[in-house]
Amino acid sequence: MKPFIYDYTMEELQEWAVSQGEPAFRGSQIFDWLYVKRVDSFEQMSNLSKALRQKLDDSFSFVLLKEIAKYESSDGTVKFLFGLHDDHGIETVVMKHNYGNSICVTTQVGCRVGCTFCASTLGGLKRNLTAGEIVAQVVQAQRILDARGERVSSIVIMGTGEPFENYDATMNFLRIMIHEKGLNIGQRHITVSTSGIVPSIYKFADEGTQINLAISIHAPNDALRSKLMPVNRRYPFNDVIESLNYYIAKTGRRITFEYALINGVNDRPEHAKELAEVIKGMSMSSHVNLIPVNHVPERKYVRTSRNDIFNFQRVLTDAGINVTIRREQGHDIAAACGQLRAKHMESGTR
Ligand code: SF4
């Protein structure tokens, strides 16, 4: 199979152009056609010679993603189920905010991390996405927004998969997204969320980007976190905290702790106190985002009541921790990540 044109960074396209006996700027022109003019065939790249367009066609595939399903929420959120060339299905969500459109992208087909509150992991990991398959989710969404004169203004890497277990593809995706000659998404408007893959947190800290980091913490101690997130047995709680301290010291950037509240499991005031104790040393460089857990029919978890969410928030706030409660979007359209795909898997899509 031919490689996907969206897999390549600007520099790689320039190298390819040179390898074909062309000047490097031809690579920049191709990048411009892909991300600024957003054409959908090599034929449309009219400032390239016919011979070069033919070489592109011989060397690369240009098929974007197949739209299998699209659900629109009354709040403006749109969820897509896209089909890949090998018939796997992936989810992408576009959310409308008053400050612009944000997109939540998927980095793997399925996930092997096994968080017990997550539908995406139920069938395990099928495969990693290539950088281009992550890029294509944004390009496809942007093409739809083009019709309304709007743009993707922020990206969250919080869809299906653990981006730090698909590190190189995720980094190439980011390089393509932030390139000033392409979609030019501001680095501070991009957030990568990890379940705590410690070696990759160190690596990411050393990348020297301004991209935001969120960590799915979901418990205030090792024992409970291992129950909720088996990945904690591979990368224990204290090692995760240590890597985050390194990240903060190295980058000077704030991190976000994602905490999904599950009724009676991790949402008691004593859990909030314990969490505050653990992260108080980072209180100037972090904030906690509380997420009422989504109902996954296969699991027995029940979401925390509003009252208990506010109580949990209050304990943290009193301890000097910055806390927000995630605003939920798209509730009326097959809910949380992984659920659309799970629903379609039952009906045949892999
Ligand atoms: S929450 Fe994220 S990391 Fe955890 S199983 Fe689901 S997709 Fe994987």
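Positions of Cβ are set from backbone N, Cα and C atoms, glycine also.
Quick look at what TrEMBL annotates:
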- Glu91: active site, proton acceptor (ACT_SITE)
- 97-332: domain 'Radical SAM core' (DOMAIN)
- Cys111, Cys115, Cys118: [4Fe-4S] cluster binding site (BINDING)
- Gly161, Glu162, Ser193, Ser216, Ile217, His218, Asn294: S-adenosyl-L-methionine binding site (BINDING)
- Cys337: active site, S-methylcysteine intermediate (ACT_SITE)
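Proximity to ligand 1 (Cβ under 6 Å from any of its atoms) holds for these recorded positions out of Glu91, Glu162, Ile217, His218, Asn294: Glu162. Classification of Ser193 (S-adenosyl-L-methionine binding site) by DSSP places it within a strand.
Averaged across the domain 'Radical SAM core' (97-332), the predicted model reaches a pLDDT of 94.
Of the listed binding-site residues Cys111, Cys115, Cys118, Ile217, the Cβ environment within 10 Å is emptiest of other Cβ atoms at Cys115. Distances between the Cα of Ile217 (S-adenosyl-L-methionine binding site) and those of the binding-site residues Cys111, Cys115, Cys118 are shortest for Cys115. Straight-line distance linking the Cα atoms of Glu91 (active site, proton acceptor) and Glu162 (S-adenosyl-L-methionine binding site), rounded to a whole number, equals 14 Å. When the CA atoms are compared, the binding-site residues lying within 10 A of Cys111 ([4Fe-4S] cluster binding site) are Gly161, Glu162, out of the candidates Gly161, Glu162, Ser193, His218, Asn294. Contacts of Ser216 (S-adenosyl-L-methionine binding site) defined by a Cβ separation under 8 A and a same-chain sequence distance of 6+ are given as Cys115, Ser193, Thr194, Ser195, Gly196, Met229, Glu258, Ala260, in order along the sequence.
Taking Cβ-Cβ distances under 8 Å and a sequence separation of 6 or more, the neighbours of His218 (S-adenosyl-L-methionine binding site) in its chain are Cys115, Phe117, Arg225, Leu228, Met229, Glu258, Tyr259, Ala260, Asn266. Taking Cα separation as the measure, Cys118 ([4Fe-4S] cluster binding site) is nearest to Asn294 of the binding-site residues Gly161, Glu162, Asn294. According to DSSP, Ser216 (S-adenosyl-L-methionine binding site) sits within a strand segment. Within 10 Å of the Cβ of Glu91 (active site, proton acceptor) there are 25 other Cβ atoms, across all protein chains.
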